[in-house]
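Everything on this sheet refers to the single structure shown next.
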Amino acid sequence: MKNLLRTPQHVLAGGLAVVFLFPLAWATLASVSPQAGTQQSDGWGFGNYATLANYQAGVWQYILNSTAISLLTVAFTLFASVTGGYAFATFRFPGRDVLFLVTLAILMVPYATLLIPLYVLLNQLGLQNSLVGLALVLSMFQLPFATFMMRISFEAVPGELREAALIDGCGSLRALLRVLLPAAKPGLITVGLFAFLAAWNDFITPLVLISDSDKMPLPLAVANLRGQVMGIVDYGATEAGVVVLALPCVVLFLALQRHYVRGFMSGALKG
Amino acid sequence: MGKAKAYAGWAYATPTALFVIVFFVLPILLVGRMSVSDWGLFAGNRGWNAPENFTDALDNRLFWPAVWFTVKYTVVTTVILLGLALGLALLVQESSRWTGFLRTSFLVPSALGLASASLLFYALYSPQASPFPGQISFLGTPWSALWSTVALIVWRFAGFYMLLLLVGLNSIPGDVYEAARLDGASRWQTFRHVTLPLLRPSLALCTILCVTGSLLAFDQFYILTKGGPDNSTVTIVQLVYNVAFQGQNNLGRAAALSILILVALLVLNVLQFRGLRGKER
């Protein structure tokens, strides 16, 4: 009886799942299916991907740019949040609480408010049109979440473990590397994953900070691709671009779903 | 020991401090200075220009329409998105293999970038490539452009908010439901008088996140509508971007606008915190 009552619920939920999966499935199929006005005009195949590959600097250049930006952002974010999280979790020093609060305050300030002065500032620092400059800015946007996450990860490590390491004659750096980092591995993965996805997908930051078309990340290149030939949009190539953009995100999400979910959970608990 | 510990603490905190000072505190100070200066995109600082930056920003003929549109978009998005997210969370609340699959399906879109999702829907909505039949105009009128964008955002974010609400739902102790059942409460009564009040903190968090995110909307409109048709879907952040980098090239005026946004957002967040906290009591 109970199960019978549940049937409409199952049908509704299944229908909704189809609705949510449909756009991605459609884009994947559409990118290889024949479509007038694209390079893939008859039969199925990878013509749209060929268009994408040959667009301006070539899709490999843009994938390379995006990969470099994302890996640099992951590296900067992990470095700053591990050292910062360690400092906040285990040391008392003057200015500690102020620094932590100011780091969290980054969340309160709109992107647009920061990007305008950052455009000027990066020019003065000689970091205009630079992938490193872009990655530094993207890392800054990640810091509130990352520092918070690493701080609570380190604080969750039992105090005896830390003290045992110090008594064994480890300096604080060796205690961090030998004891705390291995214990905080899930936190590290979550922080790294979020930093990668955010950097891979960010749009407005490179739109403002990168003007050199050879240095554009993939999302900008695919967005620009739409206006190329006399305003006629190549939807096939756009679909192919979406698939290339989405693929690493979906794969990472499915592989690391647990860590992904935990990242959001910690945000929810904080609130 | 105490002193040494303080030095070590600062040593480890240095990278964070450098990031925060160079890429956050300095820009905040700089944007304040720019907002009172005549600051061109290429020309740089050309001296004092306050309060003209602010009055010119408010006099922009797109300013009030952009404010109005952004608010309208925020209200529509928040109501629909959180309503749907709550429904999804209730549907997948119990854990089983089936609900696990459902959760994953609802969450997959949230792994995509907002720009990628917007590009996907740009093709999905186009007259040439769309899988939908015939003559539906998704982006042709102000009304349809708004709702088509809301549909994209709901698709992209529903799973994310579902997840946040699930955390709240799972933290409601089982015996509360048991007590309601023993009192003979119907399913609707239980939902209305037990689940909703206990879910208030989670709903408050979701509301604040969704309102803030929607007020700062940019990618989706930049890609889907370009602010069109007839500038009917220009949001505030788009206006800032246009004033700064498209045509006007006026960084001073854009800085003034973005200071106004910052202040409005801070005030709104304080009010939301007060309002939503107040209701908890």
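Placement of Cβ uses the backbone N, Cα and C atoms for every residue, glycine included.
Quick look at what TrEMBL lists:
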type     : residues  : note
TRANSMEM : B:12-32   : transmembrane segment
DOMAIN   : B:67-272  : domain 'ABC transmembrane type-1'
TRANSMEM : B:73-92   : transmembrane segment
TRANSMEM : B:104-125 : transmembrane segment
TRANSMEM : B:145-167 : transmembrane segment
TRANSMEM : B:202-223 : transmembrane segment
TRANSMEM : B:251-271 : transmembrane segment
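Against the transmembrane segment (B:251-271), stretch B:202-223 shows more Cβ pairs under 8 Å than any other of B:12-32, B:73-92, B:104-125, B:145-167, B:202-223. Of the recorded ranges B:73-92, B:145-167, B:202-223, the transmembrane segment (B:104-125) has the largest number of C-beta contacts under 8 angstroms with B:145-167. Within its own chain, the transmembrane segment (B:202-223) is flanked in space by residues 70-71, 73-74, 77-78, 81-82, 85-86, 114-115, 117-119, 122, 149, 152-153, 157, 161, 164-165, 167-169, 196, 233-238, 241, 261, 265, 268-269, 272-273, 276-277, 280, which lie at least six positions past its ends and keep a Cβ under 8 Å from the stretch.
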